[in-house]
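Per TrEMBL, the features are:
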BINDING   A:Thr106, A:Ser107, A:Phe135, A:Pro136, A:Thr137, A:Asp138, A:Asp204, A:His207, A:Tyr229, A:Trp259, A:Thr285  pyridoxal 5'-phosphate binding site
MOD_RES   A:Lys230  N6-(pyridoxal phosphate)lysine
Number of protein chains: 2
Amino acid sequence: MRVVREQAGRAAALDAADELRAKRAEFVLDTPDEPDGTVYLDGNSLGALPRTVAPRLAAVVEREWGLLRIRGWREAGWWGAPERVGDRIGRLVGAGPGRIVVGDSTSVNVFKAVVAAARLAGEGRDEILVDAGTFPTDGYITASAARMTGRLLRSVPAPELAGAVGDRTAVVLVNHVDYRTGRLHDLPAVTAAAHAAGARVVWDVCHSAGALPVGLDAHDADFAVGCTYKYLNGGPGAPAFLYLRPGLQPRFDSPLPGWNSHADPFGMAPVHVPADGAARGRVGTPEILSLLALEAALEVWDGVDLAAVRAKSLALTDFFLHCVEEYVPRGRVTCLTPVPHGERGSQVSLRCEAAAAVMKELAARDIVGDFRPPDVLRFGFAPLYTSFTDAERAARALAGVLGR
Amino acid sequence: MRVVREQAGRAAALDAADELRAKRAEFVLDTPDEPDGTVYLDGNSLGALPRTVAPRLAAVVEREWGLLRIRGWREAGWWGAPERVGDRIGRLVGAGPGRIVVGDSTSVNVFKAVVAAARLAGEGRDEILVDAGTFPTDGYITASAARMTGRLLRSVPAPELAGAVGDRTAVVLVNHVDYRTGRLHDLPAVTAAAHAAGARVVWDVCHSAGALPVGLDAHDADFAVGCTYKYLNGGPGAPAFLYLRPGLQPRFDSPLPGWNSHADPFGMAPVHVPADGAARGRVGTPEILSLLALEAALEVWDGVDLAAVRAKSLALTDFFLHCVEEYVPRGRVTCLTPVPHGERGSQVSLRCEAAAAVMKELAARDIVGDFRPPDVLRFGFAPLYTSFTDAERAARALAGVLGR
């Protein structure tokens, strides 16, 4: 009990000193239905609901769709939302205005990016590399892109990618943070290695956007795709985003040249002439309700410094790991997430026997994380709303489950 | 004035006898802000707001996302929504359960369908036909599908397609209703001709779904794509749908095999194994807020007979054409929409000098239709909420504008 008192006290002190602490109140957490507050450590799957969303979405439905109807496209700014929301995300991933467009799913954006990147490569570059630990859909879609552009697909562990890329490589697809282990891959180094070999690199920043500084512009990423329903809290299935490096935009040859990417979309011309800028990454009509819910959700980021987010994220995962070490009987879990800060995203993954059943037990104790087959417990730490008290409670509950 | 009194009286009588009349009250029309009611004849671009949507969407945000968070995928039924909503649409387009999946844009679904259809054809079938009057995005995307499957694209006027399809044809893409002219193409005949030649046919039913009986199952359509924000009133950019003929489902080889189309999506396996059934047409995570708004919108169709919808649609367009003939000075407009019922969708397109300016003038008189370049005025008739009085008022306003 002394150990628990110590760590609980430390959690309270860390929370009191947390400069992002006030952000938590901007989310629907600690509701009247949950007086003690569920400990929600699954924001890396689906971010919590920002309080900005419900009123905005009600206004979009009732005032914009309901009363403006078709005029909403111009008068309510629906038409420009993919680029406008893209610019808003840009600040969070280190991309200047005009580089990001929002719409479609991550999978569809991986297809656009990998095909377009392959088309930029010479015919002699006959292979596409994908990181071996990729989130599955990226692998499936990259395989399709390889098949449709006549390339071979080669799976390489991410830490070996910089050495594997060569003069046969057209494209490298890498996940910035491994969804399973929480390992942060070296975006600057892999990008530089790919470029040195004459290849293009597509980054999947689903598990880093909103969790840490990404620096897409600074590190010369070619293309990137990302998700907005995890750390960006855009809501279930919120639209994904696509980053197009400015210098490559005029050569971005999309496999999905829908009418929204036309230079004159309302000209209804029979031949596609691609738009300039990030709009070239658009396809069909964007799902406006989901997109504007995301826009409202992004308001919680106003004035937030990504360096503070990263500092808190690392402090949270450090503290959680410390509590696990203090509480959980030795040998019951193995940490898959790297200890060095430079290799860690914003989650902690613990390998554990009977992990699926353990996660169920945790849920029964109001601790929400998730299970990834075959044996991984995943705990996501969303710096805008996760508290140190949450981390301590989760570790304590885990010890309770594993101690039995 | 006698003519106007006569037609206005006829409109009132037709409205009084309209068996779908009560449906109008289920939409946000004739609001306090618009005491006389805007005449909204642009439901073929964006359907009016059904009153079911706002409360449902508020509940999805506040109760499901807000309180269930990640558990919403199972406990609120988010995961199965693409197929569940697909079945609901199925009844409206003559498709049995398990044949339609909702998600992505029309453009993305055209890509899936045309590529998959081309893959079903033998290598010797080296051309893809597209109807020459297609909505532009279908043409752009079909060109991309042709390029990526090594086929030539040939554009053929829709009435000539049945004669043009031959043993070189892999796929035919046809719009059921021409978006510009409102011409209804012969789905049974073109489908039969394509099949007789050994080709597959992809129907775009964007402008017929919810406006008339489509009969996808009855007429052996191979694949179809459709939009839900026009006559189905799903909201701005509401997700599109994809129909997969049951016999072809096991051979549907998607170019976008995202994780949502995996037989075991949460198994996180490195190799894609396609799901059975319509789920094979899924890609990434669906945009749940837009999708569930659509689901709520579809409730207004409960108990509605598509034959009654079609009968009213034809009566509305007949009556509008009659009023135009009575009111508008001869020679000022030419009707592009076919007069025979069997060739008419649910819109009336009038060719007119200075059409863009005329449509602006109409808008100033609270008549909302749309302009399609270079010289077309489009008036859409949504049988669930458009009244005969609307039709008469629109024709009268048009005469007022053109009489000046």
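Cβ coordinates are placed from backbone N, Cα and C, and glycine is handled just like the others.
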Taking every pair from A:Thr106, A:Ser107, A:Phe135, A:Pro136, A:Thr137, A:Asp138, A:Asp204, A:His207, A:Tyr229, A:Trp259, A:Thr285 (the record's pyridoxal 5'-phosphate binders), the biggest C-alpha distance in Å rounds to 30
Near chain B at Cβ under 8 Å, of the listed recorded positions A:Thr106, A:Thr137, A:Asp204, A:Tyr229, A:Lys230, A:Thr285, we get A:Thr106, A:Thr137, A:Tyr229, A:Thr285
Rounded Cα distance, in Å, between A:Lys230 (N6-(pyridoxal phosphate)lysine) and A:Thr106 (pyridoxal 5'-phosphate binding site) is 12
Counting Cβ atoms within 10 Å of each Cβ, the densest environment among the binding-site residues A:Phe135, A:Tyr229 belongs to A:Tyr229
DSSP output for A:Asp204 (pyridoxal 5'-phosphate binding site) maps to strand
Neighbouring CB atoms within 10 angstroms of the CB of the residue listed as 'N6-(pyridoxal phosphate)lysine', all protein chains considered, total 26
According to DSSP, A:Thr137 (pyridoxal 5'-phosphate binding site) sits in helix
Close in space but at least six residues away in sequence, with Cβ under 8 Å from that of A:Asp204 (pyridoxal 5'-phosphate binding site), the same-chain residues are A:Thr106, A:Val110, A:Thr134, A:Phe135, A:Asp138, A:Leu173, A:Val174, A:Asn175, A:His176, A:Ala224, A:Val225, A:Gly226
All chains considered, the count of other Cβ atoms within 10 Å of the Cβ of A:Thr285 (pyridoxal 5'-phosphate binding site) is 26
